[in-house]
Structures are given as structure tokens and as C-alpha cells.
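> Just lifted these from TrEMBL, have a look:
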type	residues	note
COMPBIAS	197-229	compositional bias 'Low complexity'
DOMAIN	5-66	domain 'Chitin-binding type-2'
DOMAIN	78-134	domain 'Chitin-binding type-2'
DOMAIN	135-192	domain 'Chitin-binding type-2'
REGION	196-229	region 'Disordered'
Amino acid sequence: MGQPEMMCARTKGGVIEHEQYCDSYYRCDRNGNPILEQCPNGLAFAGHRRGLASYCDYPHRVGCPDGTKVMGQAPIKSEGCEWSFGIFAHDTSCTRYWQCWNGTATLQQCPFSLLYNEQLKACDWADNVPDCQKHPICKESPNGSVAIEKSCTRYWLCVGGYPRIQRCPAGLAFNRETQKCDLDYTVPGCEPPPIVSNDLEGNNDNNNEKSSNGNGNSINSNNRDSILA
């Protein structure tokens, strides 16, 4: 009798870890027979506690790979995802990351002033993420605002040298001089277009053109022929 069989004989109806792979485990049936199960691609066996999917959770949460065990499945990759399930760094941004679920990547944004830490698979203070280089956009103003060319409402907000795009509220525009959002009509080049009014007065004069009858009295041109007859 092998090790899985021996362990299942003592834990009927339970689950036991695989002896070699992080992403596999045995489910013991009521008769004590081991049934090999695999976690979804990218997840690892989490033990008896419930994870994201059945008994499986993110590998970094369960400490695997750990030098003695490895992932047995080959990664199934898609756009933004190194595995079908998992949390992965963004290629060009230190403040964003991908959260993948069944091969679908959802872009996530770290809270203000935090950066994505690949080791923790979570957002962390910038001082704890030395591998993330500061962006050249924020070179001259690491904790200020930087205008975006040809845009009146959007701008870069730099936090510790890392840019995040921002948008001014309605009716406001980014002022390059004050480095903040001001009333749009006070920002050169961002003034709102003038309001054109439709004045309908005088239309009646066009239909009832008046002229003098020679006695100082005005008459409507529409009635001129009847008066002269």
C-alpha cells in the first residue's frame, strides 16, 4: 500500500497533499481510496482550509513552490496572464497589476502613493519596491503635477516619482502655471466656446413690411393694393 492509500485509510472523506506537486492533491473517498485532483491552472493546494476554488488558493498564500515541491501543470498563458489564475505585474506600470481569473485579466490600480510589489503580490509602500524605477515624466517634479500635451482636462500626478493620470472635474481645466485645476475660462487656450443665442425678434417685420402712404401714416405692404384701389 502506497503513502496516499495509507493516509486516505486514516482520513476517509478528507483531502491530502500530493507528495511532489503543489497544484495536485488527493481526495479520499468514503472507502479510503485516493482520487487524484488538480487545482485550476495557476493555483496550489491550500490544505484542509477552503481557498479561492475548492481547496486551492494562490501559490504565494500557501508558500509554494517551496524548494521541495513544484507546480505540475504547464502554465496556460493569455494577455496579461502568466497562468489562468493569479496576480501578475504590469509590463509598463508600477502602480497597476493584473488579476487573472480563468484566463481573463482585470487591470487593478494600487491605492494612492502605493506601488505593486511582485514579491508580495500586493500593493506596498514605494520604499519597499526598489526594482520599480521612477518614470521620466516625473523627473523634474517627483511629487507634483505635470501637464499633458494638447489636453485641457487631463494631467499627470506624480507621487514619489511615479505618474498617475488624473482628470479635472467638469468646468475646470488644468492650469500649467498654477499646476492645478482652475475654472476653464481662466486658463489660456482652454476657454469654452461662446454661447450663440437664437434671436427670433424682427421676424414679424419681414412678413409685414411697412411703408409710408405720403400722409405720414404707415401702411402694411400687404394691404397697399387694397388701399390704393
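A Cβ is built for glycine as well, from the same backbone N, Cα and C atoms used for every other residue.
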> In the domain 'Chitin-binding type-2' (5-66), how many residues does DSSP assign to helix, to strand and to coil?
10 helix, 19 strand, 33 coil
> On the 0 to 100 pLDDT scale, where does the domain 'Chitin-binding type-2' (5-66) sit on average?
86
